[in-house]
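Trainee: Take this structure, written in structure tokens, and hold onto it; I'll ask about it next.
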Amino acid sequence: MAATSDQGFAVPVVPLSYGKPMPRVGLGTASFPHCDDGDQPHVREAVLRAIDAGYRHFDTAAVYGTERAIGDAAAEAVRAGTLASRDELYITSKLWIADAHPGRVLPALRKTLRNLQMEYVDLYLVHFPVSMKPQEGGAGAILVKEDLVAMDMKGVWEEMEECHRQGLAKAIGVSNFACKKLEYLLSFAQIIPAVNQVEVHPYCRQNKLRAFCREKGIQLCAYSPLGGKGAPWANNSVMESPIIKQIAQDIGKTVAQVCIRWVYEQGDCVIPKSFNDKRMRENLDIFDWELTDDARHKISSLPEFRGTYDFFVHDSGPYKTAEEFWDDEIAAGHPAN
């Protein structure tokens, strides 16, 4: 399953421990504020343009509000003959923390599939290693810090495994899990996570976590490879970095291309988010060139800090500090945060 872009090259894929091979570059669809009904046509058109450009891997989540638009775009692309079938796509979605409770996982995935108008997702992830008390009637604020509770990880993961057994998720995995939490999950998992999706970019390199995941047969997938501009956790150091700007100038590439290529060279999958047609195509143009050893060395020497830092930290919650939440791995937030 190699998708050929309209620029004439195929997007490489990586085999996972089970399920369908994952395209190494996908399109992120998280927007902030999250999408509502009025945003659906805009997202649908962006996904259709991305399919035309050669993207086959699309990343969404229950909380993003983009599942329905992705499903609409996929159905339209099949009707138009751009895609032979939905099977040509790789669709990832995620379980939100309010549904991360035993008894709520399968219903949450079934709702996601109704939104997508699909029979299965290629990958279903536990969005964060924490739960939140369900809101009355299933509505209400996306995140209420006072309602954060410890996740019954064993109970939740057993239901994730059932999603896979029923064929509703071809692969299952996690997101935002550091090494200790992954190690705990692996102590009881009958089906290991195929993927761990985390923040990765030149200022948040994740070397320790990547080595751990590689040893356990878990594929790392990078979100916010450009620092998450426009997101609540935006780390503008990435796109504004004088060092990365100089690297890009020296080799005639964009700063975004340097960042995405760097993540790609680490062996990770990577999901940049842009709905701009030109940048969407530029972000795929990273396969037929390499960074220099000097550029790699400069990036490896940059300071590290997270953008996704302390959103799930609260005095009344299961994690009182960012260090606890991230298992002391790159626990620092941006100095300006």
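For all residues, glycine too, the Cβ spot is worked out from N, Cα and C.
Remember, TrEMBL labels are computer predictions, not curated facts.
Quick paste of what TrEMBL says about this protein:
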- Tyr64: active site, proton donor (ACT_SITE)
- His127: substrate binding site (BINDING)
- 25-301: domain 'NADP-dependent oxidoreductase' (DOMAIN)
- Lys94: site 'Lowers pKa of active site Tyr' (SITE)
Trainee: Using a 10 Å radius around each Cβ and counting other Cβ atoms from all shown chains, which of the recorded positions Lys94, His127 yields the largest count?
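Mentor: Neighbour-count leader: Lys94.
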Trainee: What is the Cβ neighbour count of the residue listed as 'active site, proton donor' at a 10 Å cut-off, with all protein chains included?
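Mentor: Taking all protein chains shown, the residue listed as 'active site, proton donor' has 21 Cβ neighbours within 10 Å.
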Trainee: For Lys94 (site 'Lowers pKa of active site Tyr') and His127 (substrate binding site), determine the Cα separation and express it in whole Å.
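Mentor: Their Cα atoms are separated by 5 Å.
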Trainee: Express the distance between the Cα positions of His127 (substrate binding site) and the residue listed as 'active site, proton donor' as a whole number of Å.
Mentor: 11
Trainee: Tell me, roughly as an integer, the mean pLDDT over the domain 'NADP-dependent oxidoreductase' (25-301).
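Mentor: In the predicted model, the domain 'NADP-dependent oxidoreductase' (25-301) has a mean pLDDT of 93.
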